[in-house]
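Comments concern the structure below.
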Amino acid sequence: MANYFNTLNLRQKLDQLGRCRFMDRNEFADGCNFLKGKKIVIVGCGAQGLNQGLNMRDSGLDISYALRAEAIAEKRASFTRATENGFKVGTYQELIPTADLVINLTPDKQHSKVVADVVPLMKQGSAFGYSHGFNIVEEGEQIRKDITVVMTAPKCPGTEVREEYKRGFGVPTLIAVHPENDPKGEGMAIAKAWASATGGDRAGVLESSFVAEVKSDLMGEQTILCGMLQAGSIVCYDKLVADGKDPAYASKLIQYGWETITEALKQGGITLMMDRLSNAAKIRAFELSEEIKVQLNDLYLKHMDDIISGEFSSTMMADWANGDVNLFKWREETGKTAFENSPKADGIKISEQEYFDNGVVMVAMVKAGVEMAFDAMVASGIYEESAYYESLHELPLIANTIARKRLYEMNVVISDTAEYGNYLFSHVATPILAEKLIPMLQKGDLGEPTPAAEIDNVYLRDINDAIRNHPVELIGQELRGYMTDMKRISSQG
């Protein structure tokens, strides 16, 4: 199969990359009625599969799970999750032929096999759904022309999709219809109803495209969302220990620091995050962020270029074909880092403000990383709304996974695709930061507060203006207006 994006001409590529419209709430007045009375079968019962299914069932839809015969016979985790939650479970042959909508929520690397096994069993005129378009865009999967192909992609891990729904809210969601597969013109109605059933319409829905979702999603997860947090965790921990800090304190400052810092980011963007610092620390964080951009911007652009060209996906799929040799090797190497093996911080107390005061360079990494990822996406034709959701918006959710069980938890929760891209980025970014940024750090940049200093009002004013007028802040202020009931996320120890 050929990479679908690479088969498009330039005009088509730009059109697909630029598909992005924030949908009005009244467009969801019918809720999920379009899917009521229809048989919906979910393939896969992992985090997204289970939690989307729970939400859809609670919204009044008919949900069942199709699993491989061996998964049922051996009572594997997917079978146990589905049955313990009271869902009907059957084999592909038992459930797929009567389904009106089949939703594929298996890992990316399984999609081609799932399509080969499932689509021939689907009835004429039915629909097939994804929550990530990698199989369509990067692998070039071609689905039977009588089948409608749609995507509903919540911009959160599956656990948060469920928790926000239970609160009566939801998570921001991208929806799309594959232009090659909408024979009856019902694709958008299906995607809207699916998004409503998961609660997405309560938090905001972007009408997007398979292409825009995939290219922006890959860029965000490889760079700021996972790669930058991994590289930053490793170099900051090593620096603290080298400076004589208690390893347990250093571990806690890093492990819970990302989460605490990005909670402010979630509520008020980079502006609020920077406002949590003293004036002297804010100036220093701004200066460090500009230096980080000098050091890493070329790497961000390379990742964006490799994603657009298909180089990243072809490299990763070659590793799939080789039994994930590189993925497993890199996962093992991550488990051996000093940060991952640092002592637990039992009894050590760090106040919320101390995470900011003693983590100025971490704040700088977040600021620089978000802005570089956002700018690279927009420069490649991705609209600002999509770039915001795939950079700033998801960052607190990923930081929360590190707070739970460090980098191990982050890499378990994210997809294998995200994990592979994370390693590609962090393996290059970590030595750059260690060799260029860390030697530049001064007293007060990490592990202790920034010393008081005389402040130049004009310089501070200009820095504040630069922070508040970056495009990610301008679009972020607008989009956060649709998410007026965001809960605080905290695993703080």
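The first residue you see is number 1, and the count goes up from there.
Note: Cβ is positioned from N, Cα and C throughout, glycine not excepted.
Remember, it's a predicted structure, so these values are computed and weren't measured experimentally.
NADP(+) binds Cys45, Gly46, Ala47, Gln48, Arg68, Arg76, Ser78, Asp108, Lys109, Gln110 as Swiss-Prot records it, and from the list Gly18, Gly133, Gly140, Gly158 the residue named for this site is Gly158. Together with Glu390, Glu394, Swiss-Prot lists one candidate of Asp182, Asp201, Asp217, Asp238 for binding Mg(2+) 2, that being Asp217. Under 8 Å, Cβ to Cβ, and six or more positions away along its own chain, Glu394 (Mg(2+) 2 binding site) finds Lys155, Cys156, Gly220, Leu225.
According to DSSP, Glu394 (Mg(2+) 2 binding site) is assigned to coil rather than to any helix or strand. The Cβ neighbour count for His132 (active site), using a 10 Å radius over every protein chain in view, is 24. Counting only the Cα atoms, the space from Glu390 (Mg(2+) 2 binding site) to Ser415 (substrate binding site) is about 15 angstrom. For Ser415 (substrate binding site), the number of other Cβ atoms no farther than 10 Å from its own Cβ, over all displayed protein chains, is 20. Same-chain residues with CB within 8 A of the center of the Asp217, Glu390, Glu394 CB atoms, the Mg(2+) 2 site residues themselves not counted, are Lys155, Ser216, Met219, Gly220, Glu221, Leu225, Tyr389, Ser391, His393.
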